[in-house]
Amino acid sequence: MIRGVVDADVCLFAASTLLLLRGIIQARDAFAGLANDSIVSIALMMMIAAGLESSGALEFVPELVLGRSKREWVGQLRMHIAVASVSAVMNNTPLVAVMIPVVESWCRNNNHHPSRFMMPLSYSAILGGLCTIIGTSTNLIARGLAQQDDPKLKLPFVEVGIIGLPLTVAGGIYVVLFSPLLLRKRDTMMAAVVADPREYVVSVRVDARFAHIGRTIESAGLRHLRGLFLADLQRQDGATVPSPPPTTIILQGDKLTFAGDIQGMQHILSLPGLTPISSADLAADLEETVAGSPSSDRIMVEAVVSLSSPICNMTIRDSHFRSRYGAVVLRVHRNGERIAGGLGDIVVKGGDTMLLEAGPDFLQKYKHSTEWALAVDAFRVTLPRRDPLALFMSLGIFIALIVLNSMDVLPLSTTALVCLFAYLITGVLTVSQCRAAIPSSILLTVAGGFGVAKAMTVTGLAHRLAGSLLNVFSWMGRAGPVAAIYASTSLLTALLSNGAAVTLMYPIARDLAKQAGVSIKGPLYALMIGASSDFSTPIGYQTNLMVSGPGGYRFLDFTRFGLPLQFVAALITVPICVLYFEPRT
């Protein structure tokens, strides 16, 4: 898992299966996670978030709050308040996915640099999620594990907010004060495309549908294009005509390479019979035969490759990208910089940002896919029109869910199920959208993690590890147990994933609390905060990875700006957990 060869969900599920076969755990232990109330709640809340997203509610509220301030710090502060408030009551991944194009458009309209807002956007979503028990999936996983051990344990809706709210306030102040000093202005991929149009190149193949086969370039209307020029023509036999004269005859199978601005590119891609091949240097070619439907309804997509994508460590050519996704790669950025050379030879890595020319259904198919950390329309400048009735209905139903859950009238899974049913019968959400929103990776991680956690208990491994941690942190006195769990969980989250970190660290936190003679709540809340407070790497938390491309960030940008915030989080979390949640038992 640490080396990234196999995903955390696969590792934990395989480990749980082996433990079951060896007789170390029972079948009920191996599958306890799938039947746990909190884990069912995660799946339901993900589907509810999809309903809020499809209705436009997630765009409506932040767009209203952001305003039109020309002062950067005002925009950052307003964004922090808006995003943290919404993230407190719903999963932060779909929220950030919706907010990225909203913030990009807002920055463009108000002359702000996106790199000063994208990382703060992720941090605001993370911090806001720490204010309630339903704010992040890791909170719900930890609650599920704790209540499985002690069904009488009460974890009120906003109790974790005793830590999360001060953290959120401190995070907002930190962003406003230190982003001008520590957060560099970076050129994003889309800014580079627009600012340097001569660098933007696309190649198309002439197929039988092109209406001007056998005619000259000039008579075909490809000579005096606005913001665009025909830089190269290559025949099927490999003969190349650089800067072809206007009298050159166009033949079926010709490869035409254009250079220019994005508006010109969109015009060329809209012509039936000109099928895109690739974009890069003039000699670059994916060396594959392309065929497809007319491109008039195709869109430009900005996408970030997830760490678990099946195309990771494969070249674009070997991944059969076009046939797999129905899309063509036009540009690839890594660590904030464009990868030059032939696109077909680029080895894909998790976190790469791609500009794609894709079919109109690409976003619908892959918006919630684990193959992509982010997929958004690259050139959407205005919010799509939404049905006002569906928007306010989705908000009203969701607010009712939050009120009922905060009053502890019904279990979260029950209120979430009622909310989801209301979304379905009112048409806010469809069954297919529900299926697409189910977080299979999280559920597999939890399903396997519950079994591994049980094995750590019955074998005594958790007890021994807890004793070792107590010895290492004994110099901190009463703060030792909480500091041990917070530090260990934060480290494990950076190496694995937050879901895996919670399931592996929970039995250690429980045994550590018993050995130290303190309440479970202190180490438990430290576990929740530690699993979600990875600010220093783009790969430690999903939303960090999502904003890395749109912000044009390099890896060390997260370390420079996020590591101090990581220490701030520790300095706030540990004392509060000790002073408020740890009376001696």
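Including glycine, each Cβ sits where the backbone N, Cα and C put it.
Pulled from Swiss-Prot:
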DOMAIN    189-274  domain 'RCK C-terminal 1'
DOMAIN    288-372  domain 'RCK C-terminal 2'
TRANSMEM  5-25  transmembrane segment
TRANSMEM  30-50  transmembrane segment
TRANSMEM  83-103  transmembrane segment
TRANSMEM  117-137  transmembrane segment
TRANSMEM  162-182  transmembrane segment
TRANSMEM  389-409  transmembrane segment
TRANSMEM  411-431  transmembrane segment
TRANSMEM  442-462  transmembrane segment
TRANSMEM  482-502  transmembrane segment
TRANSMEM  561-581  transmembrane segment
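Two recorded stretches are said to be in contact when at least 3 C-beta pairs lie under 8 angstroms, sequence spacing 6 or more; the transmembrane segment (162-182) and the transmembrane segment (561-581) meet this definition.
Here the transmembrane segment (411-431) has Cβ contacts under 8 Å with residues 37-38, 40-41, 44-45, 47-48, 50-51, 54-55, 133-134, 140, 390, 393-394, 397-398, 400-401, 404-405 of the same chain, all six or more residues outside its ends.
Only residues 6 or more beyond the boundaries of the transmembrane segment (117-137), in the same chain, are considered here, and those with a CB under 8 A from a CB of the stretch are 41-42, 45, 75-76, 79-80, 83-92, 95-96, 99-100, 103, 107, 143, 155-161, 163-165, 167-168, 171-172, 175, 179, 183, 405, 412, 439, 442, 498-499, 528-529, 532-533, 535, 541, 543-544, 546-547, 550-551, 553, 557-558, 561-562, 565.
Between the transmembrane segment (30-50) and the transmembrane segment (442-462) there are at least 3 Cβ pairs closer than 8 Å, counting only pairs 6 or more residues apart in sequence, which means the two stretches are in contact. Per DSSP, the secondary structure of the domain 'RCK C-terminal 2' (288-372) breaks down as 16 helix, 26 strand, 43 coil. Of the ranges 83-103, 442-462, 561-581, the one with the most Cβ pairs under 8 Å to the transmembrane segment (389-409) is 83-103.
Sequence-distant contacts of the transmembrane segment (561-581) (same chain, at least 6 residues past either end, Cβ-Cβ under 8 Å): 119, 123, 162-163, 166-167, 170-171, 174, 178-179, 182-183, 478-479, 482-483, 486-487, 490, 519, 521-523, 525-526, 529-530, 533-537, 544.
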